[in-house]
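Novice: Annotation source TrEMBL lists domain 'SecA family profile' at 1-642. For Gln80, Gly98, Glu99, Gly100, Lys101, Thr102, Asp488, the entry in TrEMBL reads ATP binding site. Taken from TrEMBL, the feature domain 'Helicase ATP-binding' covers 82-258.
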Amino acid sequence: MINLFSYSTINKHKNTIKQINNSYKNIKDYPDLLLANQTKKIRNMIKTSGIKNKTILIEAFATLKEAIFRATNLELFDVQLLGGITLNDGNIAEMKTGEGKTLVALLPAYLNSLLNEGVHIITVNDYLAERDATLAKRIFSYLNIEIGLITQKTTRKERKEAYKYNITYITNSELGFDYLKDNMAIHQDDIIQQGFFYAIIDEVDSILIDEARTPLIISGNTKVQTNFYQNSEEVSKILQKNIDYSIDEKSKSIILTAQGISRCEAILKIDNLYDIQNPWIKYIINSLKAKELFLKNRDYIIKDEQITIVDEFTGRVMTGRRWSDGLHQAIEAKENIKIEAENKTLASITYQNLFLLYKKLSGMTGTAKTEEEEFNNIYKMKVVSIPTNQKCLRKDMPDLVYKNEYIKWKSIAHECLDMYKTGRPTLIGTTSISKSELLSKMLQELSIPHNLLNAKPENIAQESKIILEAGRKNTITIATNMAGRGTDIILGGSTEKIVEEEIKQYIKNSDNIKTNSNDEEVYSMIKKIKLQTKNDRNNIIKDENFLALQRTYTNLKEKYKKLCKSEKDYISQIGGLYVIGTERHESRRIDNQLRGRSGRQGDKGTSRFFLSLQDNLFRIFGGNKIENIVQSLNIENDTPIESIILTKSLDAAQKKVESYFYDIRKQLFEYDEVINNQRKAIYKERKKILTHVFTRDCVIEYGEQTIKEMLDIYLKDKRKEQTLKKVIKLLNIKANTTHLAEMSSLELRHYLNEQLRISYDLKEIYLEQLRPGLIRQLEKYYLLQQIDQGWQEHIEKMGLLKEYIGWRSYGQQDPLIEYKNEAFNLFINMITYIRQTVIYLVMRSRLII
Ligand code: ADP
């Protein structure tokens, strides 16, 4: 559906689009060299009149449109230009599947890269990053713009280079981990990122919404607190359900009652269960979870004396995986098995805060409008719906609702059978791997051939191949929700890909062609054929065997072009791709994603959801209302219900779920904002030290600050001598306290500052004599080490604080305010502690030879 807003946006930019197209017509005649020169020309234009100038956007977009045409033979549509303008404005372009978002991203990427600060294009997986970077490289080779690519395989050295390129393709998780690692670097040279200037996020809803609930974490091992686990386990056995604690099924959590809290404190003989310095509560909650929510032979099994997780969807045993935050250890205690070391968070960040580091942010996806409020509130990005290039012909049929799940799945299987008989390609989306496997079994029983796809990372490349096939005649594809995202379903199949496959086989089987059949060589040969077929002047090859191969290629292409076309015509006649949803998802956005698989670029298509009243969404969020409606309709068991009132109630239930999850994300964001500001401050200080040559200044500053703080305490405490002694000891100086006690506060401060410097000079001279340059290394080492250690301990305390605040202030004052106050105190304590320890260590450093 195109809303009024998008029309007004188009009108607003109509003129600009017209000008881009006019300019494009002029550029068309440019020889390659002159086209490449555009980059230099536009860079100069930016220097004189700034990047916001409209003429510059017009010139850059037109130039890129021509580069795309030369590299791919595709001519950008006006709606794609509109998408590019939206992204350049720092907003979200909602463009349906198949509208060509990959190319759209290149428009603002080109323009912004001309500022030489680096543009990042973020994708959800390595496969897409690689695929899109390859295409971008081809296009940008016409414009002298360098493209970087970072995947899991890229080494740190290569990454550093890749970040320096004009445009860099990278996944969200690689970007995040690089950021965290950079902020743990010990040497300046180890820092690889160049800053956060402009990012274009592909599948933006998936990254900023679906993945926003779990932060990225870098962790290391810690010591095992065996006693804590064992004692908590004992306590959990004593505590009684519904008296000392209750269980919240919706969020899978345990809540202690006031009585439960007192009971724990009494048994453990402690004053405060929520004491940050003595963190019992975390262990108690984990032990209760282990007791109530994690069951042997359902959630885990014991194999070789180890707790082994069983995947809840597939039932597969996940050897080597462990639950986090001490839960695994709590279960080990319950089962009386050796307790393994816990992982400790060394650094972490949420995607929300990672992406807010960018000066300018934009994103694209097929589905974002339903989450517009969230994008606007948190990221200050508007969602602009870009109209489709051709009118969307997909029919979204009303939901069919069955009374129970079994009948629902049976009906879906039969629907697949009907479709298979007519040859209509059908895609069935499922919400979990186990459900997709269940359906697959049912289809096997009905002897319906089908492809089964799930979102395992190792299958991603294979997935896109299956998705490419999913639009062919007689093809039934079962896919879990996220599988194959980013790859189009083409009705009748993609001629190019089919021919590529055929020719690959041909090359491998041919005796005349010299290759050792390795995929890369075959691929490069196909590339040569394509170039020669396009009459590329630089690539004429006259070898006989090669020419024969080229003829085979051309013939195959002719053959499959016809075949695919007639197949597409047939499929269109019978209605196009049919998409079946098997459950409403936790947001309408994800339902729309599934629907959007069908009806691309003016194709025909249909979508329909098959639901049951036993579906999770309705069971947990639906309430009695839906149940009552069904009772009042009084319908036979296996007849589906197609009722407007029911659909409305289902919509309402789904909206309830959407806002439930939005609230969770919002809360997470608000809480994370506190630690985020602290993280920024710490990382800034760290960077200052790392880049500072003369670190003595930093240490002296820490010393003076410490003196000031301790003197404040001294004066406030009516000049208690012990504080003074403490300062003297900490600074490792010699002074007479009685003498000091007689000084005014200003004198005292000056005196101690002076002593600090003198003492530091002596230390420096001493060390300098023994080993020149050592003192600077020591300073840097102590500063970084203490900051890192302090920060890691702080992260842990903040985590505990968040948990405690949640429990402690149930029904009382605003927990967020309480959290902020306490977080501030913790932070100040950490900083003070870091300063003091650094001074203490530096003043006592010696060289033992
Ligand atoms: P999306 O990410 O929006 O689903 P893609 O970027 O994957 O879409 O592109 C889908 C298909 O459309 C690709 O095969 C691409 O080559 C093709 N395409 C993109 N832009 C154009 C265009 N202007 N004209 C013709 N085909 C296009």
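Any Cβ shown, glycine's included, is placed from N, Cα and C.
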Novice: Out of these binding-site residues, Gln80, Thr102, which one has the fewest other C-beta atoms within 10 Å of its own C-beta?
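Specialist: Across Gln80, Thr102, these binding-site residues, the one with fewest Cβ atoms within 10 Å is Thr102.
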Novice: Out of Glu99, Asp488, which of these binding-site residues shows the lowest number of other CB atoms within 10 Å of its CB?
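Specialist: If we count Cβ atoms within 10 Å for the binding-site residues Glu99, Asp488, the smallest count is at Asp488.
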Novice: So what sits near Gly98 (ATP binding site) in its own chain, CB-to-CB under 8 Å and at least six residues off in sequence?
Specialist: Asp488, Arg600, Gln601
Novice: Do you know which of the binding-site residues Gly100, Lys101 has the most other C-beta atoms within 10 angstroms of its C-beta?
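Specialist: Buried the deepest by this measure is Lys101.
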Novice: Name them in sequence order: residues not among Gln80, Gly98, Glu99, Gly100, Lys101, Thr102, Asp488 whose Cβ is within 8 Å of the mean position of the Cβ atoms defining the ATP site.
Specialist: Met95, Thr97, Leu103, Val104
Novice: Can you tell me the three-state DSSP label for Gln80 (ATP binding site)?
Specialist: helix
Novice: For a quick check of understanding: given the listed ATP-binding residues Gln80, Gly98, Glu99, Gly100, Lys101, Thr102, Asp488, what is the maximum Cα-Cα distance in angstrom, as an integer?
Specialist: 17
